[in-house]
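What Swiss-Prot lists as transit peptide is 1-24. Taken from Swiss-Prot, the feature phosphothreonine covers T27. Residues or ranges marked as N6-succinyllysine in Swiss-Prot: K51, K129, K262, K306. As annotated by Swiss-Prot, N6-acetyllysine applies to K51, K72, K129, K208, K262, K306, with the evidence given as similarity to another entry. For 152-161, 185-187, R297, Q308, 365-369, 394-396, the entry in Swiss-Prot reads FAD binding site, with the evidence type experimental evidence. For S161, D269, M270, G271, R272, G393, the entry in Swiss-Prot reads substrate binding site. Annotation source Swiss-Prot lists active site, proton acceptor at E392, citing similarity to another entry.
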Amino acid sequence: MAAALLARASGPARRALCPRAWRQLHTIYQSVELPETHQMLLQTCRDFAEKELFPIAAQVDKEHLFPAAQVKKMGGLGLLAMDVPEELGGAGLDYLAYAIAMEEISRGCASTGVIMSVNNSLYLGPILKFGSKEQKQAWVTPFTSGDKIGCFALSEPGNGSDAGAASTTARAEGDSWVLNGTKAWITNAWEASAAVVFASTDRALQNKGISAFLVPMPTPGLTLGKKEDKLGIRGSSTANLIFEDCRIPKDSILGEPGMGFKIAMQTLDMGRIGIASQALGIAQTALDCAVNYAENRMAFGAPLTKLQVIQFKLADMALALESARLLTWRAAMLKDNKKPFIKEAAMAKLAASEAATAISHQAIQILGGMGYVTEMPAERHYRDARITEIYEGTSEIQRLVIAGHLLRSYRS
């Protein structure tokens, strides 16, 4: 599948309906910094995004439309299972490749980017790392082609950042586990065919009593809540999962009982690289939009880009974007080289998400009134960017993670 993904790079370049900026402005990082295979991957994903995602992104947002046809095509390219070994149906690529692909896909459509991120990082990621051979065959391979996608159920109505305070329970009963409780803010909920679900198997042990389970969807005892009407990323569904005596087989536990909190935290560490990359894609397309508009908008007899105040804004936007990209790539490469990357992933996610919000905010300012109307994509980029500072660990949580690692290094 990796070969199929890379082969697409040799096709002709395709232009999207919006900006010449798509191809002209985004050239900073595609030459000597990347191996040839990663450059080919970048071009493949960019071509796909131009042809398949950019033209539908506004409709996806406006109509809360799940991009089913595009997700299926992404599965055929290996984009939904990028670091899954080829023998399990994946692309067999590394996390740097995943970061590059996530950015390009998210540039085309942020909703599609998060759908891709959840399936890769949050659903397949923990099964690959902690699952048995049998679980990988049953719960990974069917989710690589785009026919099925998964979701990740950790947060609850009463806890988000406090992941160890799970009130959802799982009790052993004969040859089954019985789940009760509600999981909240679940991305891909309405389209998912399976979920990694975290529940307490021993409340007395607090976070050491949390376990992870593989749950098919739909299944008796599991009800979906309403689709949330969100500010951004409106093409991905978000809903509660409600468990009422939901019975699953005993072998549905992922890892060992009590390993759930560890599995969740390690999964989020990986996922933050994906969300950082999504934020980079949003930031890049917002910058492209701002530059393209400023180059063509005349004021005082010259393009806006002749004004120093606009030049300074664009310089600050580019600085924030490039800095965040380097942090993201570093985190991905550390993971690929099996080195500690928790602090670096937190830094990447923090820098990229805050850059995306700031850059999309400034893009609206540069466009002025045109930035405030849906005729232009700038307002959508701003709405899409905001969630990247919240999900998979808020900016405040990232700062706690970074500070904790920093202080431990000084005290050791």
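Each residue, glycine too, has its Cβ placed from N, Cα and C.
Known features from Swiss-Prot, placed on the structure.
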residue: K72; record: N6-acetyllysine; CB count, 10 Å: 13
residue: K129; record: N6-succinyllysine; CB count, 10 Å: 13
residue: F152; record: FAD binding site; CB count, 10 Å: 27
residue: K208; record: N6-acetyllysine; CB count, 10 Å: 14
residue: D269; record: substrate binding site; CB count, 10 Å: 24
residue: G271; record: substrate binding site; CB count, 10 Å: 23
residue: Q365; record: FAD binding site; CB count, 10 Å: 14
residue: E392; record: active site, proton acceptor; CB count, 10 Å: 30
residue: G393; record: substrate binding site; CB count, 10 Å: 25
residue: S395; record: FAD binding site; CB count, 10 Å: 17
Worksheet, complete the sentence: argmin Cα dist to T187 (FAD binding site) over the recorded positions K72, K129, K262, E392, G393 returns E392
Worksheet entry | Residue from K72, K129, F152, K208, K306 whose C-alpha is spatially nearest that of G393 (substrate binding site), among the recorded positions | F152
Worksheet item: Cα of the residue listed as 'active site, proton acceptor' to Cα of M270 (substrate binding site): how many Å, rounded?
Response: 10
Worksheet item: Distance between S395 (FAD binding site) and K129 (N6-succinyllysine) at the Cα atoms, whole Å?
Response: 26
Worksheet item: Of the recorded positions listed here (K72, K208, M270, G271, K306), which is spatially closest to G368 (FAD binding site) when Cα positions are compared?
Response: K306
Worksheet entry | Cα-to-Cα gap, K129 (N6-succinyllysine) vs F152 (FAD binding site), nearest whole Å | 15
Worksheet, complete the sentence: Per DSSP (three-state), F152 (FAD binding site) is strand
